[in-house]
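Engineer: Please see the structure below; I have some questions.
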C-alpha cells in the first residue's frame, strides 16, 4: 500500500514537471485589454436609487448587476426608498454627497429628480437612468422605448377592434400614475395610433395607480357603461390582472382583449394561462439589466470623460407574448439568474 | 344612543342624516344624468367596489366606538394574507396557511391591544408604530410587493367570483361581517361594554367594568376583520398587493367611519353609520369613474364633499360644553 502511494506521488510530481513550462506559457497570454478592464472596474462604487425593490423588474436588474459587480470587483449599493419620493430625494442627496463613480436612477416621474440629476452631473458624477426617465438627460438611459410601447399596445387593440366582427371600437387606457414618465410617453404613442385609426374610441382613461384592485374596480364600472367594450391597455401586468378578473367575472373574456406590458416574469405568463391577460409586451428585465450592465462597464472604463459629456440611449428588446409563446425565456424566475 | 332619547315623530338632523341626504341627492343626479347608472349591474358593481373598504370600516368603527383608532388595519391585512400566501409556497396547504395567518393576525391584534390597554400608549401612536413595524417585517420576509395565491383553491375563487342570488360573494361577506358586528354591538352585554368604555373610560372602570379586556378584544377583532378584507381582495384579484400599505386606504377607511357619524371621541354610532359612509363613497367613486374624471379631480371632489358633510354637521350641531366630551379629538 505504502509503495503504491509513493509511486502515485512520484507520478504526479513527474506530470507536474512536464506541465510546468506549458502553464508558464499560458500565463504570458493576456486577453487583450483585460487587465485594464479589471483595473477600471475594481474598487469602483456604484449606487442605485430605485423606485422600489419590491417590483419584479428591479429584482431582475439588481440580480444581474450584483453578479456583474461580484465578478469584476466593484460595489453596488441599493438605496431603496420603497416608492416614497421624499425618501428617494434623501437617498439621492446622500448618494451625491458620497461622490460615487456612477449613480443609477429609476425616476418616479419626470420632474422630481430632474434638478438633482443636474446637480449630480455638475458634481462630476455619471448618471445612468433605467426604464423611467427624468426631464434631465444624463450620460445614459437604458430601458423601454415607451412611445413605441404605447404604439404597440394601442396598435394591438386597433388591429383587434377595427377588424370586421369586433364587438365595438371602444378601448380603455388604464394608466399607472399620470405624471410618470412611462405613462406620459405611452400616452403619446397611444394618441398617435388613435389618430391613425379614425373610429377607435378611447372611452375611459383612469389611472389604476399600479394596483390590481383599483384596476378591477375601474374595469368593473366601465364594463357596466360599455358592455360592448373591445379592449383594455395597461402599463404593468401585475396591475392589469385586476382588469382581467373583472372581465372574467363579467364572463366577457372572449370579447375583451387585455393587453399590457411587463418585465417578463413567470407571474405574467401564469396570468396569461389563467386567462386574466391576453397579450403582454414583454420588455425582458434581465436582458435590460444586461444592457445596463454593459453601460455600467462602459461608464466606469472612461473616468476621463466628463459627466454628461455624452448622452446615449439604449432601448431594450420588446417581445409580444401571448398564450402561444408564454414559455421559456419569456417567463423568467429570479432564481434563474443566480 | 342620543337619537333614541329624542321625542317620537321628529327627525333629528345629525351627520348621518346629512350624509344620507347627500347620498340620495347624488344618487338621483347620477341616475338622471348618467346613462346606465341605475342599472342592476352597475349597482352591484358599485357595492362590490366598496366591499373591501366597507369591511375594513366595520372593524375600524368597532374600535372607534370604544374611543380607539386602529391604523394597523391595512398593514395587518396585506401582511397577514401575504404571510399566508408565502407559507403556502413553503409546502403547506393554502387553507391551512390561511388559518395560521389568521392566528398570526390575532396575535398582532392582541399585542396592539395590550400596548393600548395595559401599557396605555395612546392608540394613534401605538397603532401607527405597529403598522410600520408589521409592514416592514413583511417587506423583509417577502421579496415582492405582489404575491399571487395558488390558482386552484376553489373556496377562494368562490369568494372572488361566486354569487348568491346574483349578489357577489364579496358583498355577501361584507354584509355578513356588518350584520354580525351590528348584533354584537347592539344585543350583547359585551357590545354595551364597548359603548360604556368608549363614552367615558374612567367612569366605566370606576364602576367596575373590565375595560382593559374589552379594549384588547376590540383590537383582536379589528385585526381579524382586516384579515377577512384581505381574503376578499385576494379572491377578487388572485393576489395581494402589499404596497397598498403606502396608499391612502387607511385614511379612506377612517373617513368612511367618521363621515358616517361615528365620532372619534367614542361611545356613539354603530354599523349603520359605517354603511351610510361606505355607500356615499361608493356612489361618488362610481359616478366619477363613469364621468371619467381624472384621478386628481376625483380626489379633490371627494375631499370637498366629505369636508362639506362635516361642515354641515358642525353648523347644525355646534359643539359646546354640553355636547363635547373629554378626550374629543
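Keep in mind that glycine also has a Cβ here, set from the backbone N, Cα and C atoms.
Not my notes, these are from TrEMBL:
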type	residues	note
TRANSMEM	B:18-37	transmembrane segment
TRANSMEM	B:43-64	transmembrane segment
TRANSMEM	B:71-88	transmembrane segment
TRANSMEM	B:94-117	transmembrane segment
TRANSMEM	B:124-142	transmembrane segment
TRANSMEM	B:162-185	transmembrane segment
TRANSMEM	B:214-237	transmembrane segment
TRANSMEM	B:249-267	transmembrane segment
TRANSMEM	B:274-294	transmembrane segment
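Relative to the rest of the structure, where do these features sit?
Structural biologist: Beyond the ends of the transmembrane segment (B:18-37), by six or more residues, the same chain brings 259-261, 276-277, 279-280, 283-284, 286-287, 290-291, 305, 308-309, 312-313, 316 to within a C-beta distance below 8 angstroms of the stretch.
Counting same-chain residues at least six beyond the ends of the transmembrane segment (B:124-142), those with a Cβ under 8 angstroms from any Cβ of the stretch are 69-72, 74-76, 78-79, 82-83, 86, 108, 111-112, 115-116, 242, 245, 250.
A Cβ distance under 8 Å defines the sequence-distant neighbours of the transmembrane segment (B:214-237), meaning residues of its chain 6+ beyond its ends; these are 51-52, 55-56, 58-60, 62-63, 66, 68, 70, 72-74, 76-78, 80-81, 85, 98, 101-102, 105-106, 108-110, 112-114, 116-118, 149, 156-161, 169-170, 173-174, 177, 181, 190, 193-194, 197.
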Engineer: Can you work out whether the transmembrane segment (B:249-267) touches the transmembrane segment (B:162-185), with the criterion being 3+ CB pairs under 8 Å where the paired residues are 6 or more apart along the chain?
Structural biologist: no
Engineer: Apart from its near flanks, which chain residues at least 6 from the ends of the transmembrane segment (B:162-185) lie with a Cβ under 8 angstroms of it?
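Structural biologist: Residues packing against the transmembrane segment (B:162-185) from afar: 44, 47-48, 51-52, 54-55, 58-59, 61-62, 65, 191, 194-195, 225, 228, 232, 235-236, 270-272, 274-275.
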